[in-house]
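Engineer: Have a look at the structure that comes next, please.
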Amino acid sequence: MKAFPSSIYLVTLFALAIPRGTRAHGFVKTIEILDSGSFSGPKPGATGPNKSPIRGITDQSPVKDLQSKDLICGIGATPGSVVASAKPGDTLVYSWANDVAEDGNWIHDTGPMMTYFAQVPAGQTADKFTGEGAQWFKTDQVGKKNNKWVQGSLMTGATFKTKIPETLANGDYLVRHEIIALHTAQDKGGVEFYPSCFQLRIKNSNAGNATVTAAPSLSFPGAYTANDPGLLVNVFAQAADGSEYKFPAGPIAEVTAPGATGSSPNVLISQSTSLAPETSSTTSTTSVPNSATPPVSLSITTTSTALSVATTIASTATPTIILAPTPTVDLRGLSRINAHLVNLAALMVNLQSALKQEPGVFKMHVSVVLPALPFH
(Lines of atoms letter the chains of each structure in order from A and count residues from 1; the text may use other names and numbers.)
(Lines give C-alpha, C1' and ligand atoms only; values in the text may rest on other atoms or scores of the structure.)
Protein backbone atom coordinates (compact mmCIF):
# COMPACT_ATOMS: atom_id res chain seq x y z
CA MET A 1 0.00 0.00 0.00
CA LYS A 2 1.24 3.45 -0.88
CA ALA A 3 2.44 5.46 2.08
CA PHE A 4 1.49 9.12 2.61
CA PRO A 5 3.42 11.67 4.63
CA SER A 6 2.25 11.89 8.22
CA SER A 7 1.74 15.64 7.77
CA ILE A 8 -1.22 14.95 5.46
CA TYR A 9 -2.89 12.85 8.14
CA LEU A 10 -2.32 15.61 10.68
CA VAL A 11 -3.85 18.27 8.44
CA THR A 12 -6.84 16.03 7.66
CA LEU A 13 -7.46 15.17 11.30
CA PHE A 14 -7.14 18.83 12.26
CA ALA A 15 -9.69 19.85 9.63
CA LEU A 16 -12.14 17.19 10.80
CA ALA A 17 -11.71 18.24 14.41
CA ILE A 18 -12.73 21.84 13.74
CA PRO A 19 -16.47 22.40 14.27
CA ARG A 20 -18.36 22.85 11.01
CA GLY A 21 -19.39 26.41 11.83
CA THR A 22 -15.89 27.66 12.58
CA ARG A 23 -14.33 26.12 9.47
CA ALA A 24 -16.00 28.50 7.09
CA HIS A 25 -18.50 31.21 7.27
CA GLY A 26 -20.03 33.74 9.65
CA PHE A 27 -22.90 36.03 10.53
CA VAL A 28 -23.75 39.62 11.43
CA LYS A 29 -22.93 40.01 15.09
CA THR A 30 -23.91 43.66 15.60
CA ILE A 31 -25.26 46.62 13.65
CA GLU A 32 -24.72 50.13 14.93
CA ILE A 33 -26.65 53.17 13.75
CA LEU A 34 -23.75 55.59 14.11
CA ASP A 35 -24.21 58.08 16.97
CA SER A 36 -27.63 56.59 17.71
CA GLY A 37 -27.56 53.01 19.02
CA SER A 38 -26.19 49.50 18.58
CA PHE A 39 -28.04 46.20 18.18
CA SER A 40 -26.78 42.66 18.71
CA GLY A 41 -28.05 39.85 16.53
CA PRO A 42 -28.77 36.28 17.64
CA LYS A 43 -26.19 33.58 17.04
CA PRO A 44 -27.05 31.17 14.23
CA GLY A 45 -29.39 28.47 15.45
CA ALA A 46 -30.31 30.34 18.63
CA THR A 47 -33.67 29.43 20.15
CA GLY A 48 -36.06 31.64 22.05
CA PRO A 49 -37.42 35.11 21.22
CA ASN A 50 -35.29 37.28 18.95
CA LYS A 51 -35.48 40.72 20.56
CA SER A 52 -33.40 42.36 17.86
CA PRO A 53 -33.94 44.11 14.52
CA ILE A 54 -31.33 41.74 13.04
CA ARG A 55 -33.05 38.68 11.62
CA GLY A 56 -31.98 35.35 13.05
CA ILE A 57 -30.70 32.50 10.88
CA THR A 58 -30.64 28.78 11.61
CA ASP A 59 -27.29 28.11 9.92
CA GLN A 60 -24.39 30.40 9.11
CA SER A 61 -23.40 28.35 6.06
CA PRO A 62 -23.53 30.05 2.66
CA VAL A 63 -26.60 30.11 0.45
CA LYS A 64 -25.75 28.31 -2.80
CA ASP A 65 -29.16 27.86 -4.45
CA LEU A 66 -30.02 30.96 -6.47
CA GLN A 67 -33.72 30.02 -6.47
CA SER A 68 -33.97 29.51 -2.72
CA LYS A 69 -35.94 31.86 -0.45
CA ASP A 70 -32.90 31.70 1.82
CA LEU A 71 -31.28 34.12 -0.62
CA ILE A 72 -33.50 36.87 0.79
CA CYS A 73 -32.18 37.09 4.35
CA GLY A 74 -30.14 33.96 5.04
CA ILE A 75 -30.74 30.29 5.82
CA GLY A 76 -33.97 29.83 7.76
CA ALA A 77 -34.20 33.57 8.47
CA THR A 78 -36.91 34.69 10.89
CA PRO A 79 -37.92 38.23 11.89
CA GLY A 80 -36.97 39.83 15.17
CA SER A 81 -39.45 41.66 17.37
CA VAL A 82 -37.69 45.05 17.14
CA VAL A 83 -37.69 47.68 14.40
CA ALA A 84 -34.76 50.09 14.68
CA SER A 85 -35.33 53.79 13.97
CA ALA A 86 -33.04 55.99 11.91
CA LYS A 87 -33.16 59.02 9.67
CA PRO A 88 -32.01 59.52 6.08
CA GLY A 89 -28.26 59.97 5.86
CA ASP A 90 -27.45 57.92 8.96
CA THR A 91 -24.61 55.40 8.77
CA LEU A 92 -25.04 51.70 9.46
CA VAL A 93 -21.95 49.96 10.88
CA TYR A 94 -21.83 46.17 10.39
CA SER A 95 -19.71 43.81 12.46
CA TRP A 96 -19.34 40.31 11.01
CA ALA A 97 -18.25 37.39 13.18
CA ASN A 98 -17.30 33.73 12.88
CA ASP A 99 -19.79 31.31 14.37
CA VAL A 100 -18.98 29.22 17.44
CA ALA A 101 -16.23 31.38 18.89
CA GLU A 102 -18.30 34.55 19.13
CA ASP A 103 -15.25 36.81 19.20
CA GLY A 104 -13.84 35.18 16.08
CA ASN A 105 -13.56 37.26 12.93
CA TRP A 106 -14.89 36.73 9.44
CA ILE A 107 -12.56 34.40 7.54
CA HIS A 108 -13.02 35.03 3.79
CA ASP A 109 -11.18 37.73 1.85
CA THR A 110 -12.35 37.50 -1.78
CA GLY A 111 -15.47 39.10 -3.22
CA PRO A 112 -17.74 42.13 -3.02
CA MET A 113 -20.13 43.39 -0.37
CA MET A 114 -23.55 44.67 -1.44
CA THR A 115 -26.40 46.51 0.28
CA TYR A 116 -30.04 46.62 -0.81
CA PHE A 117 -33.16 48.30 0.60
CA ALA A 118 -36.80 47.30 0.15
CA GLN A 119 -39.76 49.39 1.29
CA VAL A 120 -42.24 47.39 3.34
CA PRO A 121 -45.70 47.39 1.73
CA ALA A 122 -48.35 49.70 3.16
CA GLY A 123 -50.23 48.18 6.07
CA GLN A 124 -47.29 46.02 7.16
CA THR A 125 -44.31 46.56 9.44
CA ALA A 126 -40.71 45.48 9.06
CA ASP A 127 -40.94 42.96 11.90
CA LYS A 128 -43.77 41.12 10.14
CA PHE A 129 -42.83 41.39 6.46
CA THR A 130 -41.02 38.29 5.18
CA GLY A 131 -39.37 40.04 2.25
CA GLU A 132 -40.98 37.74 -0.30
CA GLY A 133 -42.14 39.70 -3.33
CA ALA A 134 -40.27 42.81 -2.20
CA GLN A 135 -38.91 45.27 -4.73
CA TRP A 136 -35.27 45.69 -3.73
CA PHE A 137 -32.94 48.44 -4.87
CA LYS A 138 -29.19 48.50 -4.56
CA THR A 139 -27.71 51.34 -2.51
CA ASP A 140 -24.10 50.25 -2.14
CA GLN A 141 -21.51 47.92 -3.66
CA VAL A 142 -17.87 47.62 -2.66
CA GLY A 143 -15.15 45.61 -4.35
CA LYS A 144 -11.43 46.29 -4.13
CA LYS A 145 -9.50 49.15 -2.58
CA ASN A 146 -5.75 49.47 -2.97
CA ASN A 147 -5.68 46.13 -4.84
CA LYS A 148 -7.35 44.27 -1.97
CA TRP A 149 -10.93 43.19 -1.51
CA VAL A 150 -12.54 45.33 1.19
CA GLN A 151 -14.14 42.11 2.48
CA GLY A 152 -10.67 41.02 3.58
CA SER A 153 -10.50 43.79 6.19
CA LEU A 154 -13.21 41.98 8.16
CA MET A 155 -10.67 39.23 8.88
CA THR A 156 -8.83 41.60 11.22
CA GLY A 157 -12.00 42.67 13.02
CA ALA A 158 -12.74 45.76 10.93
CA THR A 159 -16.35 46.89 10.53
CA PHE A 160 -18.17 47.79 7.33
CA LYS A 161 -20.05 51.07 6.97
CA THR A 162 -22.86 51.88 4.57
CA LYS A 163 -24.99 55.00 4.42
CA ILE A 164 -28.78 55.22 4.44
CA PRO A 165 -29.78 57.20 1.32
CA GLU A 166 -30.37 60.88 2.14
CA THR A 167 -33.65 60.99 0.26
CA LEU A 168 -35.53 57.92 1.48
CA ALA A 169 -39.16 58.54 2.43
CA ASN A 170 -40.53 57.78 5.87
CA GLY A 171 -41.66 54.23 6.50
CA ASP A 172 -40.45 50.72 7.23
CA TYR A 173 -37.70 49.03 5.22
CA LEU A 174 -35.74 45.82 5.13
CA VAL A 175 -32.02 46.36 4.65
CA ARG A 176 -30.36 43.40 2.95
CA HIS A 177 -26.59 43.49 3.45
CA GLU A 178 -24.62 40.71 1.80
CA ILE A 179 -21.14 39.29 1.47
CA ILE A 180 -20.42 37.37 -1.74
CA ALA A 181 -17.44 35.02 -1.47
CA LEU A 182 -15.72 34.31 -4.80
CA HIS A 183 -12.76 32.16 -3.74
CA THR A 184 -14.28 29.14 -5.56
CA ALA A 185 -16.42 31.04 -8.09
CA GLN A 186 -14.34 29.88 -11.05
CA ASP A 187 -16.52 26.74 -10.98
CA LYS A 188 -20.23 26.97 -11.73
CA GLY A 189 -22.14 26.94 -8.47
CA GLY A 190 -19.01 27.72 -6.47
CA VAL A 191 -20.03 31.23 -5.43
CA GLU A 192 -21.18 31.68 -1.81
CA PHE A 193 -23.82 34.17 -0.59
CA TYR A 194 -24.11 35.43 2.98
CA PRO A 195 -27.17 37.71 3.19
CA SER A 196 -28.43 39.34 6.38
CA CYS A 197 -31.55 41.47 6.93
CA PHE A 198 -32.06 44.43 9.27
CA GLN A 199 -35.49 45.81 10.16
CA LEU A 200 -35.47 49.60 9.88
CA ARG A 201 -37.94 52.47 10.26
CA ILE A 202 -37.08 55.78 8.59
CA LYS A 203 -38.29 58.92 10.36
CA ASN A 204 -37.86 62.68 9.86
CA SER A 205 -37.49 62.40 6.09
CA ASN A 206 -37.84 65.50 3.92
CA ALA A 207 -39.71 63.26 1.48
CA GLY A 208 -42.49 62.70 4.01
CA ASN A 209 -44.59 59.58 3.60
CA ALA A 210 -44.30 58.35 0.03
CA THR A 211 -44.20 55.17 -1.98
CA VAL A 212 -40.69 54.58 -3.24
CA THR A 213 -40.02 53.19 -6.69
CA ALA A 214 -36.59 52.31 -8.03
CA ALA A 215 -34.81 51.72 -11.29
CA PRO A 216 -33.62 49.10 -11.49
CA SER A 217 -35.77 47.22 -8.98
CA LEU A 218 -34.83 43.66 -8.13
CA SER A 219 -36.32 40.50 -6.68
CA PHE A 220 -34.74 37.88 -4.43
CA PRO A 221 -34.57 35.20 -5.59
CA GLY A 222 -34.25 36.27 -9.20
CA ALA A 223 -31.69 39.08 -9.16
CA TYR A 224 -28.77 36.69 -9.70
CA THR A 225 -28.18 33.97 -12.29
CA ALA A 226 -25.58 31.21 -12.35
CA ASN A 227 -23.87 32.66 -15.41
CA ASP A 228 -23.60 36.26 -14.20
CA PRO A 229 -20.07 37.45 -15.04
CA GLY A 230 -19.64 38.65 -11.46
CA LEU A 231 -20.67 35.27 -10.01
CA LEU A 232 -19.08 32.77 -12.39
CA VAL A 233 -15.59 34.22 -12.52
CA ASN A 234 -11.96 33.52 -11.76
CA VAL A 235 -11.10 36.78 -10.03
CA PHE A 236 -7.54 35.58 -9.47
CA ALA A 237 -6.96 35.90 -13.22
CA GLN A 238 -8.31 39.46 -13.36
CA ALA A 239 -6.53 42.78 -12.92
CA ALA A 240 -5.23 43.26 -9.39
CA ASP A 241 -7.01 46.59 -8.99
CA GLY A 242 -10.43 45.02 -9.49
CA SER A 243 -11.23 47.11 -12.56
CA GLU A 244 -12.28 44.04 -14.58
CA TYR A 245 -14.77 42.79 -12.03
CA LYS A 246 -18.47 43.23 -12.92
CA PHE A 247 -20.81 43.59 -9.97
CA PRO A 248 -23.95 41.44 -10.21
CA ALA A 249 -27.50 42.86 -10.22
CA GLY A 250 -26.68 46.01 -12.13
CA PRO A 251 -25.79 49.52 -10.97
CA ILE A 252 -26.69 51.53 -7.89
CA ALA A 253 -30.40 52.32 -8.22
CA GLU A 254 -32.08 55.63 -8.94
CA VAL A 255 -35.09 55.99 -6.64
CA THR A 256 -38.23 58.11 -6.99
CA ALA A 257 -40.22 59.32 -3.96
CA PRO A 258 -42.72 62.19 -4.47
CA GLY A 259 -42.05 65.25 -2.35
CA ALA A 260 -38.40 64.64 -1.49
CA THR A 261 -36.00 67.55 -1.25
CA GLY A 262 -32.42 67.28 -2.34
CA SER A 263 -33.55 65.24 -5.32
CA SER A 264 -33.91 66.10 -8.98
CA PRO A 265 -37.37 67.54 -9.65
CA ASN A 266 -38.42 68.92 -13.01
CA VAL A 267 -38.68 72.54 -14.07
CA LEU A 268 -41.88 72.72 -16.08
CA ILE A 269 -42.23 75.74 -18.37
CA SER A 270 -45.54 76.08 -20.19
CA GLN A 271 -46.74 78.84 -22.47
CA SER A 272 -50.41 79.38 -23.35
CA THR A 273 -51.56 82.13 -25.73
CA SER A 274 -55.20 83.08 -26.36
CA LEU A 275 -57.07 86.00 -28.00
CA ALA A 276 -60.61 87.10 -27.02
CA PRO A 277 -63.51 86.89 -27.60
CA GLU A 278 -62.83 83.38 -28.99
CA THR A 279 -60.27 81.49 -26.92
CA SER A 280 -57.66 79.28 -28.46
CA SER A 281 -54.48 78.06 -26.85
CA THR A 282 -51.42 76.01 -27.51
CA THR A 283 -49.04 74.64 -24.92
CA SER A 284 -45.48 73.41 -25.19
CA THR A 285 -43.53 71.90 -22.35
CA THR A 286 -39.84 71.67 -21.59
CA SER A 287 -38.62 69.53 -18.69
CA VAL A 288 -35.19 70.21 -17.25
CA PRO A 289 -33.64 68.43 -14.21
CA ASN A 290 -32.91 70.88 -11.40
CA SER A 291 -31.65 69.82 -7.99
CA ALA A 292 -32.63 72.99 -6.18
CA THR A 293 -35.93 74.23 -7.62
CA PRO A 294 -39.42 72.73 -7.45
CA PRO A 295 -41.53 72.54 -10.63
CA VAL A 296 -42.26 76.02 -11.99
CA SER A 297 -45.23 76.71 -14.27
CA LEU A 298 -45.00 79.89 -16.36
CA SER A 299 -48.29 80.90 -18.00
CA ILE A 300 -48.50 83.82 -20.47
CA THR A 301 -51.95 84.92 -21.66
CA THR A 302 -52.89 87.74 -24.08
CA THR A 303 -56.32 89.17 -24.89
CA SER A 304 -57.59 91.97 -27.14
CA THR A 305 -57.75 94.35 -24.20
CA ALA A 306 -55.07 93.29 -21.79
CA LEU A 307 -51.82 91.42 -21.42
CA SER A 308 -51.03 89.43 -18.33
CA VAL A 309 -47.98 87.43 -17.37
CA ALA A 310 -48.31 85.07 -14.42
CA THR A 311 -45.77 82.85 -12.75
CA THR A 312 -46.82 80.20 -10.25
CA ILE A 313 -44.98 77.63 -8.22
CA ALA A 314 -46.49 74.15 -8.33
CA SER A 315 -47.65 72.88 -4.96
CA THR A 316 -46.56 69.30 -5.55
CA ALA A 317 -43.71 67.61 -7.33
CA THR A 318 -42.56 64.26 -8.54
CA PRO A 319 -38.80 64.49 -7.98
CA THR A 320 -36.23 61.90 -8.81
CA ILE A 321 -34.02 60.77 -5.96
CA ILE A 322 -30.54 60.11 -7.28
CA LEU A 323 -28.57 57.87 -4.94
CA ALA A 324 -25.38 59.65 -5.92
CA PRO A 325 -23.89 63.14 -5.42
CA THR A 326 -26.41 65.79 -6.40
CA PRO A 327 -25.39 67.66 -9.58
CA THR A 328 -24.75 71.39 -9.52
CA VAL A 329 -26.47 73.85 -11.79
CA ASP A 330 -24.49 75.98 -14.22
CA LEU A 331 -25.88 79.49 -13.59
CA ARG A 332 -25.10 80.47 -17.17
CA GLY A 333 -28.08 78.32 -18.15
CA LEU A 334 -30.32 80.39 -15.88
CA SER A 335 -29.02 83.56 -17.48
CA ARG A 336 -29.95 82.27 -20.93
CA ILE A 337 -33.45 81.45 -19.72
CA ASN A 338 -33.76 84.95 -18.28
CA ALA A 339 -32.70 86.47 -21.61
CA HIS A 340 -35.36 84.46 -23.44
CA LEU A 341 -38.03 85.62 -21.01
CA VAL A 342 -37.01 89.25 -21.47
CA ASN A 343 -37.31 88.86 -25.25
CA LEU A 344 -40.67 87.17 -24.82
CA ALA A 345 -41.97 90.03 -22.68
CA ALA A 346 -40.90 92.53 -25.35
CA LEU A 347 -42.72 90.48 -27.99
CA MET A 348 -45.90 90.54 -25.92
CA VAL A 349 -45.72 94.33 -25.52
CA ASN A 350 -45.43 94.72 -29.30
CA LEU A 351 -48.32 92.33 -29.78
CA GLN A 352 -50.49 94.32 -27.39
CA SER A 353 -49.70 97.49 -29.28
CA ALA A 354 -50.62 95.86 -32.59
CA LEU A 355 -53.92 94.63 -31.19
CA LYS A 356 -54.90 98.14 -30.17
CA GLN A 357 -54.35 99.31 -33.74
CA GLU A 358 -56.02 96.31 -35.44
CA PRO A 359 -58.86 95.04 -33.21
CA GLY A 360 -60.62 91.90 -34.32
CA VAL A 361 -61.02 88.22 -33.73
CA PHE A 362 -58.13 86.00 -34.69
CA LYS A 363 -55.89 83.31 -33.25
CA MET A 364 -52.20 83.33 -32.68
CA HIS A 365 -49.78 80.67 -31.45
CA VAL A 366 -46.56 81.63 -29.71
CA SER A 367 -43.82 79.04 -29.30
CA VAL A 368 -40.68 79.69 -27.29
CA VAL A 369 -37.85 77.18 -27.06
CA LEU A 370 -35.84 77.47 -23.87
CA PRO A 371 -32.39 75.92 -23.48
CA ALA A 372 -31.79 72.99 -21.16
CA LEU A 373 -29.84 73.70 -18.00
CA PRO A 374 -26.30 72.36 -18.27
CA PHE A 375 -25.04 70.17 -15.45
CA HIS A 376 -21.64 69.16 -14.15
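Each residue, glycine too, has its Cβ placed from N, Cα and C.
Reproduced below are the annotations present in TrEMBL:
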SIGNAL    1-24  signal peptide
DOMAIN    25-240  domain 'Auxiliary Activity family 9 catalytic'
REGION    39-60  region 'Disordered'
COMPBIAS  261-271  compositional bias 'Polar residues'
REGION    261-296  region 'Disordered'
COMPBIAS  272-296  compositional bias 'Low complexity'
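Help me see these features in their spatial surroundings.
Structural biologist: Packing against the region 'Disordered' (39-60) from elsewhere in the chain are residues 21, 25-32, 73-84, 99, 102, 126-127, 194, 196-200: each is 6 or more residues past its ends and has a CB under 8 Å from a CB in it.
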Engineer: In the region 'Disordered' (39-60), how many residues does DSSP put in helix, strand and coil?
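Structural biologist: In the region 'Disordered' (39-60), the DSSP-based counts are 0 helix, 4 strand, 18 coil.
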